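J.: Input: one structure, supplied below.
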């Protein structure tokens, strides 16, 4: 309890940096252990030696995921015979669910299982879902018959059930992998070692790089196989790679460092709220050193460092205020009546991160267009190069190429330059990095709108507005919007990974990673909601609407401009939220 305020002032003035001292001992200083629970030697565990297995797992898993997601809208429209709007809505709803289920996996990882076993269990569920989806596209009785002329038989309820059962098993499987694998990779670097801490910043860049290597194979080779060799093979190959992902993950077990689960973070937050309410009429002492904290060097929360007191949200400090009766009895054991400063600060950190988190939702809604409206836009453009036809979904390859280009440029060129200018270890702060990405997302949607405006103008000039045919405008005009979106990803999504890992409480890192992924979920739901509202408003009075099945008669460009406007408003809000944000202070 004694020196918290002094340490806090020093930290805020930049005279010392929390955890900045390099730990040169034989063992890690962050509490990590091996799979048997024993302390681990730094020399033969973790660091980059353990990362190839984790990066390989993520690469194969993302290949499997994007092997489904990149071309799913085409499967729904061409094979299950759905319309443009229902297909886009189903894709965004499923993708939203894929980023909602991580809350389940994160809770289990932080509270009970740890990240390693959570990844192992949910990977199995994921693999079963992939196999089910492959069967739904392979067995004749599991899929609707082909179209005859313009007559396309609808899928039966049983066929829909099998397909969506496999699809949503995959969504559940992602729930245990996505919030844990990036955090598990970052756990391989000791926070108390200044050298390893810098390497951890690079890990997030290369982690996202491995994601996009998998996505590159999916959006090019797998999509081509699906459109030309059949969907059974097109879904079967991603299932095979999911099996390889599981094998890769288990192969690195002897080299991994593990963090012990710290108990239910939800329970701890509820305890703070309940204890604060119980002591609502109790005055908080002006001297923060009088607030309750364990006298030991270590925190009462397993796997967590102590957090220093902050002056914000003082109403929550009541939970750490010692009542006279408690002081007389000397009984501080009931966390529903008295919480430690660290426990209170955990909740404060989550509340402080909330505005930053919320601004990621609109960006994710923009990102969702890559697998929906960008594909549908490409399907009514000229997709041929000589005798070769390019699947519209394959243009997402340029998003991946953009990411693969920008990750090493950012890590090897921009960061050293920015480091000299700013003096920061990682060049840009996480907040600066995310802000740059939000700006690029505005340019992305503006580029998409300009292309669509030109496409509609050509359709009008040629008199094909009433015909649902492709317009002779090369699909390669979509490249700028995909390239800008890839650049925006490198800044915003990787910035989010870093931000939610570094700023989260130690024992809540899986949960906070899941919260960052939740923005993807809500972004997809927001995209579905905007589509529904736009369709409802623009089809009133018998109007054709902005996004009809025949896009030549619609105004998809208006929809893109709407998203550009929302992105601009979101960036302005983000600027003010980021300006007020205060980083966590860990002892």
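Note that the numbers count up from 1, one per residue, in the order the chain is shown.
Backbone N, Cα and C atoms are what each Cβ position is placed from, and that goes for glycine too.
Nobody curates TrEMBL annotations by hand; they come from automatic prediction.
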J.: Quick test of your reading of TrEMBL: among 319-341, 388-410, where does it put transmembrane segment?
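T.: It is 388-410 that TrEMBL annotates as transmembrane segment.
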J.: TrEMBL tags one of 158-177, 178-197, 258-277 as transmembrane segment - which one?
T.: 158-177
J.: Ranges 284-304, 431-451: which does TrEMBL label transmembrane segment?
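T.: Spelled out, TrEMBL records transmembrane segment over residues 431-451, not the other listed ranges.
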J.: From 93-115, 116-138, which range did TrEMBL mark with transmembrane segment?
T.: 116-138
J.: Could you tell me which of the ranges 47-71, 522-546 is annotated in TrEMBL as transmembrane segment?
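T.: Going through 47-71, 522-546 one by one, TrEMBL flags 522-546 as transmembrane segment.
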J.: Please identify the stretch among 158-177, 231-250, 349-368 with the greatest number of Cβ pairs below 8 Å relative to the transmembrane segment (558-577).
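T.: If we count Cβ pairs closer than 8 Å to the transmembrane segment (558-577), 349-368 scores highest.
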J.: When you check the transmembrane segment (388-410) against the transmembrane segment (206-225), do you get at least 3 Cβ pairs under 8 Å, counting only pairs 6 or more apart in sequence?
T.: yes
J.: Check the transmembrane segment (206-225) against the transmembrane segment (431-451) for contact, please; criterion is three or more CB pairs under 8 Å, pairs 6 or more apart in sequence.
T.: no
J.: Is the transmembrane segment (522-546) in contact with the transmembrane segment (116-138), using at least 3 Cβ pairs under 8 Å (sequence separation of 6 or more) as the test?
T.: no
J.: When each of 231-250, 349-368, 522-546 is checked against the transmembrane segment (482-501) for Cβ pairs under 8 Å, which one has the most?
T.: 349-368
